[in-house]
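For reference, the structure discussed in these notes is given below.
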Amino acid sequence: MERLKSLRPGPVPLAILSGLVIGALMLLVSGDNPLVAYREIVEGAFAPRNWRNTLSWAIPLVGMSLAAAIPLRGGMVNLGGDGQIVIGGFVAAVVPIYLADAVPLPGFLLAAIAILCAMLASGLWAALAALGETRLGIPMLISSLLLSYPAIGLTSWATGFPLRDTSTGLTQTRPVPPGAELPELFGPVTMGLVLLTIVVAAVIYVDRRTVPGYELRMRGLNRRFAEYGGVRTERQALGAMFASGAIAGLVGAIVVLEVHHRFQNGALVSPSYTWSGLMAALLAGGNPARAVLAGFFFAALQTGGFAMQREIQVPRVLSMVLQAIIILFVSLRYGVGGGRGPKDRP
Amino acid sequence: MQWELETIGVTKRFGPVTANEGVDLRVKKGEVHAVMGENGAGKSTLMSMLYGLLQPDDGEILIAGRQVHFTSALDAIGHGLGMVHQAFQLFEELTVWENIVMGAEPARRGFLDRRRAIASVAGLAERYDLKVDVTQRVRDLSVGIRQRVEILKALYRDAQILILDEPTAVLTPQERDGLFAVIRALRDDGRTILFVTHKLHEVMEITDSVTVLRQGRVTERMATKESTPEAIITAMTGRSVSLDVAKGPATPGEIVLQVAGLTVGQGPKPAVADVSITVRAGEIVGIAGVAGNGQSELIEAIAGLRPGSGRVTLKGRDIASLRVAERREAGLAYIPEDRAATGTAAGATAAETLLMGRQGDAALSRGGLLNLPAISERARRLIAQNDIRISSERAKVGTLSGGNLQKVVIARELDHEAPLLIAEQPTRGVDVGAIEAIHARIVAERDAGRAVLLVSAEMSEVLGLSDRILVMYEGRILAELPASEATEAQLGLLMAGRTGEAA
Amino acid sequence: MNMLNAYTVNATIGGMTPILLAALAGVLCGRVAVFNIALEGKILIGAFFAIVGSYFTGSALGGVLCGVLATMLFSTILAYGVTRFRGDSIVLCIGMNLLASGLTAYLLRQIFGQAGVFSDPAIAEVDRIVIPAINTIPWLGWIFSRQTPITYLSWLLVIVVAIVLFRTPLGLRMRGIGQNPEAATTLGIDVGRTRRWTVIAAGALCGLAGAQLSIGTVGIFAEGMSAGRGWIAVVAVMLARDNPIWAAAVCLLFAIADTFSVQLQAQGLPNQLTDAVPYVITLVALVIGALRGRRRRMAPV
Ligand SMILES: Nc1ncnc2c1ncn2[C@@H]1O[C@H](COP(=O)(O)OP(=O)(O)O)[C@@H](O)[C@H]1O
Ligand SMILES: [Mg+2]
């Protein structure tokens, strides 16, 4: 029951169009001009002066789209991105702070260790949910989500009490040691962008060209077929969730080391990267390359939303509403006419 | 004359497939009317339209001379139709009486009237001598009893026209005799029976008239006593086929598969109980048995898809603790019983489908990296060699017909050239031409020195292909006999669990 | 009796109501084999529109009705999505949860011009019912008296749902649909229509849950105020295996655990940690349930 029907999204453009039309109707009801609003969104996202903004919003969102797409490719759902991104961010801040106290290391090494630790911690946290399903039969859908709450609670407590930077009034850790921040390279290109690009390329390569990628896709199409063909689906679930969590951890680490330079309570959860990413992955039907595109599309929608709110005072949550409507329309097409089971079996 | 049930020019299409075309069916009141045809001839589709589950694209349905339009089963039930489906339609976790009254429940002040429901169901069972404990849960019932529940469901709604879709497919010969007695009693009661089957002797035994379907069209319509088996066969297949398989004597060699004391499941009645089997190179060992007697569980345990206890050796190597992939590597090829649910994935391309199980082969991948050109190349070769009708190796297999899809599975498994081939229901739902081809390939495998373990619910298939026959009943191997000495009658008794009389 | 304890107990019983109602909704949907994980979003919609109705009609009843109707309307997405349009319930529910949080935040700004939290004296709260006969009895008075009508109704609904499911023709059909929809179709039961109405009725329950959360407890609306309650309800439904009585028992267990976490907070434990306690307990319950379930089925059907 908890398994997804065959991932066969219908005409995505139609779903996007429907979302935009309904959004326009909502704008009309509240007395705004939808054309003006949409123009603000497009300009806010794509005018050259806004590229940098869009890109910095897109990095975590695209990353979380990719994180969501991996399990989805195998017919699994990871709802625990919030917990995983928070753990990644937390570890990426705490490790260099305390490591630098203990041993003097060059900044870039600190950053590298921090990122690897973050990916490992988040990956293991996510794999816990897979373990619950394979060992205990607890649906991963539920356990992955529930695991987020203690993750958020613990990190929030730690930044509120033992690890708090008492020199500021905010719930946040000390800044990471100088040199451990991720550098900007040139123009809007940052180290985080480079890292993410590498990971995106790696995931797409694995998906298309490798045995594990092939096996995960087959599992998503028909799990029983994969098992029949000798795929070790339990280990596979563990691996897919670990990869998904590790990417979420990387996203957390990039945001912490590149943007905030410290772990701030709530800063990784409140922008809803996880949920937008999940929606992008759903829109892409689990295909990683398309998930990156969809994630970028949603990032543009959201940065455009900021501009719209600033210029014509239409609340930017409208972009969230649009995303949800698009997903609902896409999901209506899921399964329609596709992958019908063998019915007339004796 | 006035027909009790009549269809005029009924047509039904599923996308490109025309399941029924211009079907004229005429059924007299109070007769047992056979609807015959091979698998895929369109029998179930026609019955579903009569019962309101499907709507014809064209044509008319008349009951007692009056045209009817059914939009749901409820309409059909209201017009006195009842149907026992080929695949039973029961609620496993509910009791017998709940299954029967569902949808037509006796109620008192809005509440379910349990007592009245039980009483009326029990009374009905008594009247037609369909013995069943109405308060038992269906999941605890045997197949034969389940069928009684299905018939009671129709009688509870006072069906005057009862459709039985392949009712004997799952029954032992003895259960079948019981069913025939019930059918006669219902006919004597003035009810009309539509008896769907593809088994000739049943038609001769119980029916009054026959309508034969081939590829969705009516090819023959006559009174049973005026027809001959040959005429019906010709009408069904369009030619006179002998279902005998041409094959020479076997030359068994060394032992390839040895199963010893294999048990699957727990409790007093495990699905497979202490089964031992030996299959040698160059022979076909057939497992006969009514579906659901542990054959699937046995095969899955041998293939590594299901845990079991006992010893399984392949060419002398113990494989009982190996995983699926390792067993395949050790030399096991496996044509699964359900090609759509197990053997393929509808959304996968032909190349991907043909790769499954071989993705670790050195020729097709190295160090975890797929060798895509080699994979495509091999897929194209297999498609050509096996005459698979598909546009390219990049097309999805979900659109293929049953026979074509089975060719994909067989092509993949035989390409493995494994010493052991397990073929489970290899021709189920495949048209006659393809059946012959598949049988020929299985014999060719044997002659090439491979050990073949065949499972089939079709008695004729087991008899025709096997060199040795094992009969499976309630999870045990009841008997072993050389195919040359086995007869249908004897197998039938063994499949019903009777060893004494068969000996 | 310690006054803090008494208030806490009273509040947790009232605080359990949304979860219990949502769990009942989940039970109904589960019985017809619609996997409903949109409970979270539906509670949020109910909570928001209860505030809207209460604010504009000036009556709590108006608020409750508005919340219930809006949630039923919202539920039609799932109702038609899984039937007419043969959509995947998981994807639909994920979309609905996000639509609920986005839509309520959007409308909060557009209707009330507020972001984050909305409170206003014009919002009529649901009155507590004081039952004089037991009001003064220690403990019992705080548990069974001074609750909202919605809370009392939720207890009644546990019984009603159980009776409908196990003692009426409709319930028999629902159970049949859940086990084998095709078989139900062959008996002339309209599976799609039954599923639709079940999902919509479940929506009404979630609307009540939301109303209790906003105008039955605090009289304010806060963005994302459902705060995981719908997910706890999903777990309760799973542990109870779609049985309403068991679901109520599981909710009670969660309520006790919740009281415990409030007590911990009173002991000086930071709220960041105690906030996570209900979820940790839910996880622990799942693990224990899974370990037990491996040996035998939990609740009988
Ligand atoms: N729901 C369906 N969708 C698509 N094709 C179908 C469907 N039901 C039956 N068919 C096709 O119609 C043909 C007739 O099938 P059926 O009536 O089940 O035959 P029979 O009962 O005689 O074996 C087959 O080719 C089958 O694949
Ligand atoms: Mg049929």
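Cβ coordinates come from backbone N, Cα and C, glycine included.
Feature annotations, reproduced from TrEMBL:
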TRANSMEM  C:6-30  transmembrane segment
TRANSMEM  C:37-56  transmembrane segment
TRANSMEM  C:62-82  transmembrane segment
TRANSMEM  C:89-108  transmembrane segment
TRANSMEM  C:149-166  transmembrane segment
TRANSMEM  C:245-264  transmembrane segment
TRANSMEM  C:276-293  transmembrane segment
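Residues 228, 232, 235, 238-239, 250, 253-254, 257-258, 260-261, 264 of the same chain sit 6 or more residues outside the transmembrane segment (C:276-293) yet have a Cβ under 8 Å from a Cβ within it. Simply put, out of C:89-108, C:149-166, C:245-264, C:245-264 has the most Cβ pairs sitting under 8 Å from the transmembrane segment (C:6-30). Listed as Cβ neighbours of the transmembrane segment (C:149-166) (distance under 8 Å, sequence separation of 6 or more from its ends, same chain) are residues 13-14, 17, 20-21, 24, 27-28, 31, 64, 126-127, 129, 174-175, 205, 208, 211-212, 216, 243-245, 247-248. Remote same-chain partners of the transmembrane segment (C:89-108), defined as residues 6 or more beyond its termini with a Cβ less than 8 Å from a stretch Cβ, comprise 34-38, 40-42, 44-45, 47-48, 52, 74, 77-78, 81-82, 114-115, 118, 221, 223-224, 230.
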